[in-house]
Amino acid sequence: MTDEDDVKKSKSKEVCGYPLSIFFIVVNEFCERFSYYGMRAVLVLYFRYFLRFDDDLATSIYHTFVALCYLTPILGAIVADSWLGKFKTIIYLSIVYAIGQVVMAVSAIHDITDTDRDGTPDNLTLHIVLSMVGLLLIALGTGGIKPCVAAFGGDQFQDHQAKQRSTFFSVFYLCINGGSLLSTIITPILRGQECGIHSQQKCYPLAFGVPAALMVVALVVFIIGSGMYHKTEPQGNIMLDVCKCIGFAIKNRFRHRSSSYPKRTHWMDWAEEKHEKLLIAQIKMVLKVLFLYIPLPMFWTLFDQKGSRWTLQATTMDGNFGSLILQPDQMQTVNPILILTLVPIMDSVVYPLIKKCGLNFTPLRRMTVGMFLAAMAFVAAALVQIQIDKTLPTFPSSSQSQLKLLNMGSIPLTVTLPNNDPFVIEAATASANYLTFEEESIQVSFQSPAISRTISLAKNKRQTLLIPSNLSAPMWEVTDDVMAKPEQGANAIRFVNGMAGAVNVSTFGSIDYSSASNYSLISNGKATFIITNGANTCKYSREFGFGSSYTLLIPSHFVWGLTCSESISGVEDIQPNSFHMGWQIPQYFLITCGEVVFSVTGLEFSYSQAPSNMKAVLQAGWLFTVAIGNFIVLIVAEIAQIEEQWAEFVLFASLLVAVCVIFSIMAYFYTYMDPAEIEAQFRDKDGTEESDKEELQMQKKDFVDHHNEDDEAKQSKM
């Protein structure tokens, strides 16, 4: 650092011993993290329910985006250190970032292409293109500024402010977790609202719009403080020097591959002809750590599925926590809450206790335990999925049909169907379950009165036979029922009119005699419907859970009056989500414990084993393992095509256990280093060589000077 830099820093304003400029940086980081994690929290549901991707494609696109977010920091670091500097890099890429967030918010406005105003976009291609462009800009922006903001904040402190600098970094990372926690609580709530110009749908524009607004705020706040910042000039990027040195070593080794050339201790020694021995020794130390990074991507493969597979799993669960209703994407808040709780517990209680027990819990052993805990988290997720699958309906195959019988009359009916024993359907109720048939048509017989009807069935469909109170009626209606669990925890509801005249039901419209209305999606909670025939009105209320389907029957013996709602019966076609979302907490607890033990320890270990000027290289390598881990999810989701979700969870857990064993073997043979000591040895050698060179140079100089004096004497004599 030059004297001029010290003068500039000393002139910067201070508050409570801290440079005023860092307050702008801290606010900027909080807003940026809120923007990123808020958008990411609802992203997989946006793919699934707005863009209509299936689970595998939604998961693949989500993890591709996350992988890009962890690849672009390498580009951002090179641009900042070699070309623009940290300040300009943050400004320019934040603009790109904010534009990407705005584009994402615009892509979620269904009214843009909803020409028929039915609440569904008519041109999904436009929305997909906009969202992909937006995500690409966001990945470039968030990844590009990731390595710059914290380092830029550290540049604002003078050498005597080491304590304040340390406090700044603590507050900085607190802002990261605070922004993550608040955004994963707020944006799912915004998504759960309904908004729109012509039709009301889930409010993804608001869920993306608020993070976009926060990113604009982050940019404006950062620009406001520009006059107070200490801005260092680009001084070159060590990663480029490392790549050049490794490239030269490989090329030089290939040129001298003949056995006639003597072997060297390490393949990096082939770079000695062009590069300093100190740099080569530093790269050797880094490569030794990077070799240990090879198994690490599998941990991130499991860890980052919190925002994809686990969120999709939560959509099939019951989020009712009494007075609190959790959205599926809000379960991700468990992770930052546990991080803020577990980090101090691990540092102040668990690790000291293990040390007191006389156990040598080295960093590499901690990382091994972290990987094992993550694998156990996916075993827990598989067990949860097995229980969920037991509650899911079994739909007919392409060669089957399923039928349910609904008795709209006021007397019980005894029914006989092919390959089934006779059974009784009580008045104003339906058969207990759907009955599966292979035939294209079946004979339905009643004992009293003795009547038979031939009913045609549709393959690969669920249907309900509406049995009128007058069995002699010429037409019996067969309705098509829902063939999938209602999305986003909504409830598919319809009314059936068994009365002798038409009725009008709020939300559903007019329903003729012995007919069914269309389905409407109703949110969880209490819903109230108004039934009227023009002269009379009846109010009917009912509580709904998550993900159910009901047929609400207005029976033939319905009577208007104060107790009219008591005669309306509900037939459960698809049971609501009954397995509680709280059962996901154990898997979140295990994965977060794994993260604390693995990630924090891994960074600490890497920094302790790397030379002082190679921290950025290891940071790039660490982020690269995260990106590779997300690409592994992409490969498994698209190629493996495992039908059972629990089996996929078990596969990931098994892979991580296998990798965990490999990593433990690698860790066993790893020898810990002291980079400072190794660097000092090479500096001493270089110093000795340099002094020898200087002495030799002085001798040469004396010889030349003496020789010149002799020449001058000879010339004067001549």
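Note: Cβ is positioned from N, Cα and C throughout, glycine not excepted.
Worth saying up front: this structure is predicted, and the values here are computed from it rather than measured.
Remote same-chain residues near the transmembrane segment (34-51) are listed as 57-59, 61-62, 65-66, 97, 101, 104, 108, 110, 121, 124, 127-128, 131, 138, 142, 179-180, 182-184, 186-188, 191, 202, 204, 207-208, 210-212, 214-215, 218, 307-308, 311-312, 315, 328-330, 332, 487-488 (criterion: CB distance under 8 Å, separation of at least six residues from the stretch ends). The annotation transmembrane segment is assigned in TrEMBL to 34-51 (among others).
Long-range neighbours of the transmembrane segment (57-78) within the same chain, counting only residues 6 or more positions beyond its ends whose Cβ lies under 8 Å from a Cβ of the stretch, are 40, 43-44, 47-48, 51, 89, 93, 135-136, 138-140, 142-148, 237, 239-240, 304-305, 307-309, 312, 616, 619-620, 623-624, 626-628, 630-631, 633-634, 637-638. The transmembrane segment annotation in TrEMBL covers 57-78 (among others).
Sequence-distant contacts of the transmembrane segment (90-112) (same chain, at least 6 residues past either end, Cβ-Cβ under 8 Å): 32, 35, 39, 46, 50, 76, 84, 119-121, 126-128, 130-131, 133-142, 144-145, 148-149, 152, 196-199, 201, 204-205, 207-209, 211-212, 215-216, 218-219, 222-223. The transmembrane segment annotation in TrEMBL covers 90-112 (among others).
Annotation source TrEMBL lists transmembrane segment at 124-145 (among others).
The transmembrane segment feature in TrEMBL is assigned to 166-186 (among others).
Listed by sequence, the residues of this chain that lie at least six past the ends of the transmembrane segment (206-229) yet keep a Cβ under 8 A from its Cβ atoms are 12-13, 19-21, 23-25, 27-32, 34-36, 38-39, 42, 46, 87, 90-91, 94-95, 97-98, 101-102, 104-105, 107-108, 152, 156, 183, 186-188, 190-191, 193, 195. The transmembrane segment annotation in TrEMBL covers 206-229 (among others).
Feature annotation from TrEMBL assigns transmembrane segment to 285-303 (among others).
The transmembrane segment annotation in TrEMBL covers 334-354 (among others).
Residues 298-299, 302-303, 309-310, 313, 316-317, 579, 583-584, 586-588, 590-591, 593-599, 601-602, 605, 645-647, 649-650, 652-654, 656-657, 659-660, 663-664, 667 of the same chain lie 6+ residues outside the transmembrane segment (366-388) yet bring a C-beta within less than 8 angstroms of a C-beta in it. If you look up TrEMBL, you'll see 366-388 (among others) marked as transmembrane segment.
Beyond the transmembrane segment (616-637), the same-chain residues lying 6 or more positions past its ends with a Cβ under 8 Å from any Cβ of the stretch are 56, 59-60, 63-64, 66-68, 70-71, 73-74, 77, 81, 146-147, 237-239, 242, 286, 289-290, 293, 296-301, 303-305, 308, 602-603, 606-607, 610, 648, 651-652. Per TrEMBL, transmembrane segment is recorded for 616-637 (among others).
Feature annotation from TrEMBL assigns transmembrane segment to 649-670 (among others).
Annotation comment: TrEMBL describes 683-718 as region 'Disordered'.
As a quick check, the transmembrane segment (285-303) and the transmembrane segment (649-670) clear the bar of 3 or more Cβ pairs under 8 A, pairs 6 or more apart, so the two touch.
The recorded stretches the transmembrane segment (166-186) and the transmembrane segment (334-354) share 3+ CB pairs below 8 A when only pairs 6 or more apart in sequence are counted, and are therefore in contact.
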